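Taken from TrEMBL, the feature active site covers E:Asp128. According to TrEMBL, the feature substrate binding site maps to E:Leu75, E:Cys76, E:His77, E:Met113, E:Glu114. Under the heading domain 'Molybdopterin cofactor biosynthesis C (MoaC)', TrEMBL lists E:15-150.
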6 protein chains.
Amino acid sequence: MSELTHFDAAGAARMVDVGGKDSTRRRAVAEGLIQMQPETLHLIESGGHAKGDVLGIARIAAIMGAKRTAELVPLCHPLPLSRVEIVLETAPDAPGVRCAATVETNGRTGVEMEALCAVQVALLTIYDMCKAVDREMVMTGVQLLEKAGGRSGHWRRET
Amino acid sequence: MSELTHFDAAGAARMVDVGGKDSTRRRAVAEGLIQMQPETLHLIESGGHAKGDVLGIARIAAIMGAKRTAELVPLCHPLPLSRVEIVLETAPDAPGVRCAATVETNGRTGVEMEALCAVQVALLTIYDMCKAVDREMVMTGVQLLEKAGGRSGHWRRET
Amino acid sequence: MSELTHFDAAGAARMVDVGGKDSTRRRAVAEGLIQMQPETLHLIESGGHAKGDVLGIARIAAIMGAKRTAELVPLCHPLPLSRVEIVLETAPDAPGVRCAATVETNGRTGVEMEALCAVQVALLTIYDMCKAVDREMVMTGVQLLEKAGGRSGHWRRET
Amino acid sequence: MSELTHFDAAGAARMVDVGGKDSTRRRAVAEGLIQMQPETLHLIESGGHAKGDVLGIARIAAIMGAKRTAELVPLCHPLPLSRVEIVLETAPDAPGVRCAATVETNGRTGVEMEALCAVQVALLTIYDMCKAVDREMVMTGVQLLEKAGGRSGHWRRET
Amino acid sequence: MSELTHFDAAGAARMVDVGGKDSTRRRAVAEGLIQMQPETLHLIESGGHAKGDVLGIARIAAIMGAKRTAELVPLCHPLPLSRVEIVLETAPDAPGVRCAATVETNGRTGVEMEALCAVQVALLTIYDMCKAVDREMVMTGVQLLEKAGGRSGHWRRET
Amino acid sequence: MSELTHFDAAGAARMVDVGGKDSTRRRAVAEGLIQMQPETLHLIESGGHAKGDVLGIARIAAIMGAKRTAELVPLCHPLPLSRVEIVLETAPDAPGVRCAATVETNGRTGVEMEALCAVQVALLTIYDMCKAVDREMVMTGVQLLEKAGGRSGHWRRET
């Protein structure tokens, strides 16, 4: 296992030099889950139609959150994203809501952080809108599923 | 279980009116965990001294992230935070790093979202700095631990 | 008619001193309209259910936009908003979509700019989502409708 | 008239994939007007010299606003702008101030939203600086005038 | 000389708790200088009228910069500023431009950082606009001049 | 000495058109110093280990500040930075802390402003963390050291 690349030989943090990398098409997919009371999930499900579209709002927040990643994560490179797609599905067995984010760019470094950040913001937004009825929700299982493009090639989490 | 307060009778989202609430001292505590390979944790632990202070950087990112909460979470009220404190501890049994965030304000609404957002940003930042050696880290167990101040009084998660 | 208060005697711009004003409850209401082809409006109306909720997204953008006002308008005071409410209605006679924004704060200055900014961002967002089918939409009639609180008292636009 | 591209088949909003588009030089021009009392316009005109340069400040706000477009409009792609030019002219017949914004990029998608956003922020800024003397100003006629570059070629609004 | 208050006993950084402090009127004044070639200063001076108002733009950037302080300085508390005033004067003897910033708030902590940040952004903006003709400009003497309000009372730099 | 390029013939500010420039690798290096009491420097030096890592936090703030440059400096082009490296050294003879920032991009315009902004934010952050023990610190000598890439070629400040 190699050293942490975000630090120089003296231990000082840096934004890693990616200027020598090729600008290629890159994609990352991440997922996460927010667990909640069955009644909370029921409120979200019934809201899709007329009583407040929790998932629609979380989706927008996630897309906007992906664009803010480099402002939040100190050593992250700013990247012009070319695609953000968010899937939010109710998971009755959790019970809760599952989020998957796919992010793409044509750039010199990957978009894993953007995909993970989008998932986090989606879950936070669901928490915010449901916290008045359920304080005990838990955000969990936020992880990278897939990464494509760049020197390291295609990687997919084994399940 | 009541309705979701972030929507009006027709289902339209809104920033809930808190103008009639008292401005009181409020506190929230949240926690979360990032699980990783034992070797990754070892790299973080050895870095505290000379090879790169991953936890110190995550702490700063978390404090700054708390201040950006209302920009990320659509219906969140902007609040002038009066205190942000972040505890990051290595958890050898996970193995991983545990984060706890305490946030306070003197305001008209609580700071649960700020505490949760701080935890999420801390975990994301750790992920970013270690992802070159460990893509499979998982952020998990992000939840509210305590909430004090305001009409609903003091609440603490049962363990 | 008095001088412009945002400039000192020498003509230099400044953020006007409001430190001596009372912190009171203040409200502003603004409105605006985006005119479009009848077919565009039809696409928006049919989207409320399953094909894409243009108005729901514009509402969220408007609420978030209200929170960013002081970043966009140079001499605007930052204010902790206590309420933002956005009404979006289709206006078949325009044809188009009408937006009204109500913003409140407990602060030392009014929230007219926040209400107007929310309306502008709502209309921009509708434009963005429909521009692929209708480039000629026009945003129009963006104006203040009402203002309450503070020394100048209650004002309502005559119609 | 086609479907709205910002939504998938199930109606979920997305940031449209532009990764397959060519990166070409693109330009957009937008305009808008703020109408006001003749006395308000007179104050603006006399301020150009020594008493406060309302138009100069609005121009700066518009340029800065163009750079923030992707933060305000949820599904907008972040783009590295290569040129922003703002023309502000007094329109004695309105009476009011007319704003035109020209924005360019070398990118994978157009800059219509940036040009429109720049116009909106210019008009908002003028409103802010003059609102103490004229609450009834109206922002109107905000529209796209021209669009060049990309697959759809050159388009110009007919007058 | 006491310890650094931004760290706890274990050396972890924190946003210091100001929740117990009184919310009082506070003011800070800071200054700084940008030195340049005499020809560069001459270009700035001649621009005040028709050829580009460098100082007017720097003033606006400084006011807007003051509002962003808590986003830039990690442990800074976000504060609703009640006044920002920027004085920019040509200093023929330097030669260069001198900037002074006065910032006020009604809050629980001081606004020294906001005043210093405003000065820094003013000087940076002047550098940006003149760098094509003079790369060797130096920003210097950025310091606090005065601080009023809060427990520590009134302080003024001795000259 | 030529005219200021940020203004058109009529004196209106603009974001200069760089669309016709080549996208090449560009680098800028800037430096600055914060002077302080010897005791303050001693506190910083002793904090590197256990009592609070002032320089580590300033380094992170500087990297994040570099990414925000185009939001602070009105006419600055937004650029996707490919590298940011910050060196912070104690300068016992000043006494104080010296900061050097190296920034790179592959873009159509230089990154001098980003390097200077990074230095300014580093110094501001040090000031913030030490101001409780030393209000009289002075930030000084902020200047460009080197610039490479683009039509104007390689430039280095003579010493």
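In case you wondered, yes, glycine gets a Cβ from its N, Cα and C as well.
Whatever TrEMBL says is automated annotation, not expert-curated.
Here the structure is a predicted model, which means the values were calculated and not measured.
Summarised by DSSP class, the composition of the domain 'Molybdopterin cofactor biosynthesis C (MoaC)' (E:15-150) is 51 helix, 47 strand, 38 coil. Distance from the CA of E:Asp128 (active site) to the CA of E:Leu75 (substrate binding site) is 28 Å. In this record, substrate is bound by E:Leu75, E:Cys76, E:His77, E:Met113, E:Glu114; the longest C-alpha to C-alpha distance in that set is 13 Å. A simple way to gauge crowding: the CB of E:Leu75 (substrate binding site) has 22 other CB atoms within 10 angstroms, across all the protein chains here. For the domain 'Molybdopterin cofactor biosynthesis C (MoaC)' (E:15-150), the model's average pLDDT works out to 94. A gap of 26 Å separates the Cα atoms of E:Cys76 (substrate binding site) and the residue listed as 'active site'. Those recorded positions from the list E:Leu75, E:His77, E:Met113, E:Glu114, E:Asp128 that have a Cβ under 8 Å from chain F Cβ atoms: E:Leu75, E:Met113, E:Asp128. Residue pair E:Met113 (substrate binding site) / E:Asp128 (active site) shows a Cα separation of 22 Å. Remark: E:Asp128 (active site) has no non-local neighbours by Cβ distance under 8 Å and separation of at least 6 in sequence.
Note: E:Glu114 (substrate binding site) has non-local neighbours E:Ala28, E:Ala66, E:Thr69, E:Leu79, E:Leu81, E:Val84, E:Val103, E:Thr105, i.e. same-chain residues 6+ apart with C-beta under 8 A of its own C-beta. Filtering of the recorded positions E:Leu75, E:His77, E:Met113, E:Glu114, E:Asp128 by Cβ separation from chain B (threshold: under 8 Å) yields E:Leu75, E:His77, ordered along the sequence. Applying an 8 A CB threshold to same-chain residues 6+ apart, the list for E:His77 (substrate binding site) reads E:Met15, E:Val16, E:Val18, E:Ala70, E:Gly107, E:Arg108, E:Thr109.
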